[in-house]
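Right, one structure below, let's go through it.
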Amino acid sequence: MQQSNGLQSRPHAGSLPPHVPRHLRTAAAVAAALQGLIDASPPRRESQTLHAQLLTSGLGGAADLSVNVKLLVLHLRCGSLHNARAVFDGMPRPTHAAHNYLAAGYFRRGHLREAFGVVRRLAASTGRLDVFTLSMALKLSAALALPGAVVAREVHARVVRTVAEPDEILSAALVDAYVKSGLLGYARRAHDAMPVQSVVCSTALLVGCMKEGMFRDAEAIFESMEEKDVVAYNAMVEGYSQTEETAEGSLEVYKAMQRGGFRPTLSTFVSVLGACCLLSSPELGEQVHCQAIKSSLFGDIKTGSALVDMYAKCGRVEDSRRVFDHMPERNVVTWTSMIDGYGKNGLSDEALQVFGEMRRRPDVRPNHATFLSVLSACAHAGLLSRGQEAFQSMESEYSLRPRMEHYACMVDLLGRFGSVRQAYDFVRGIPVRPNSDVWAALLGAATLHRDVEVADVAAREVFELSRAGRPGAYMAFSNTLAAAGKWDGVHDVREMMKRRGVMKDAAFSWIGSDNPLLDD
């Protein structure tokens, strides 16, 4: 259907062309016919034919708002955004519902800027937005990475002015928008303004506190929730699983969740297994593994990948490989976890063997994380030529531009097992300015080989890029100078550390604690 059809002259409804079906002779009949097509599952693709008949009959014109809105919805249901937009543009004053339907259609199809344009047009034309439109504006601002704080505040102001009854979904979207903008104070105000704190809204605030490391605030919100659902429990489990210091809390909430009668979900298993990694506790991981087997989620690729990663990081690489081999399906995360597991456990040949098998498969392609694991495995074993080949294949075979972490890994490999000068030349050839990680890797190699000249260049770059963030770099350079007998230089470095407030890293030890068994 071409939009130009809408510009053709139309006969009056009283003088219908003979080819127009008799059941489309009145607006009510047309509306009923459209609704029948809309309700069909799957939607029947007769919208274009019916639209053409309406145009020639004179029905469905600019004045037939209800017919046009139904026709717009039908085009959207049939996946025709072009025709839906043509109907919308042909309406002299599109209704609020028409705006919402079209914006939602664009959003579902991934046309985010077009959707946002429809929302802005509605705001400009009427000045009033309903709950659905305001929620859509918040979702679109997040998806488009727009200035979230600005959009959230504008929506918040409109809510205060125009929304009579608080809406749970809108409040949760508003809290989430503030959280993603880092404005937890505003998020809490929006949350506390609700006459009754819903589980959705409270969970959104809880997630924000967890992401900012505000664990006590998150705990207080969680405890104050009169009703809790599996999403709220998962938010706590995942939040605690992010750091070694709080990982045991993840297991405690996991047990409480089961005692409360909630069945673990895929997200639960992945987060708890991550906590087991941080606690270096394969025994607890085994119990989670057994519980996953009893559930219907054991065959899921995310559960399998998390198990591969957990066993490998806990030093049980044979168990990791056993899970890997029995997975019905694997993705790039699974393969990368297996490669990384072998590399971290000193089995670089096995890591490269798995990488070679991955490269031969047509159903999976290595990504940046895969190559970082491969380069790390080569660096641990001193496999210089294999590392260089892998690095070169990133762009030549997979069109992956190396990131700074890949350059840093190559510098470490070249400096330790090639030559410091070769590593220095490699750094100078990087097409963008190297960051402090790259220079720190070169400084480490120069320190190892006592190359004072290169160490001096690398150290000065590190000190400029990370003035107080790398105390180890200061100590490495100081030790290199000391080994060369350059005591004046050692004194200068120590004085620089004092002026910049750089503290030497304190040594520490990690002591494991007996963790109670998980509830069955």
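Yeah, the Cβs are placed from backbone N, Cα and C, and that goes for glycine too.
Here TrEMBL gives region 'Disordered' for one range in the set 1-20, 241-260: that range is 1-20. Per DSSP, the repeat 'PPR' (229-264) is made up of 24 helix, 0 strand, 12 coil.
When DSSP labels each residue, the repeat 'PPR' (300-330) comes out as 23 helix, 0 strand, 8 coil, counted as helix, strand and coil in that order. DSSP states for the repeat 'PPR' (331-361), grouped as helix (H, G, I), strand (E, B) and coil, give 26 helix, 0 strand, 5 coil.
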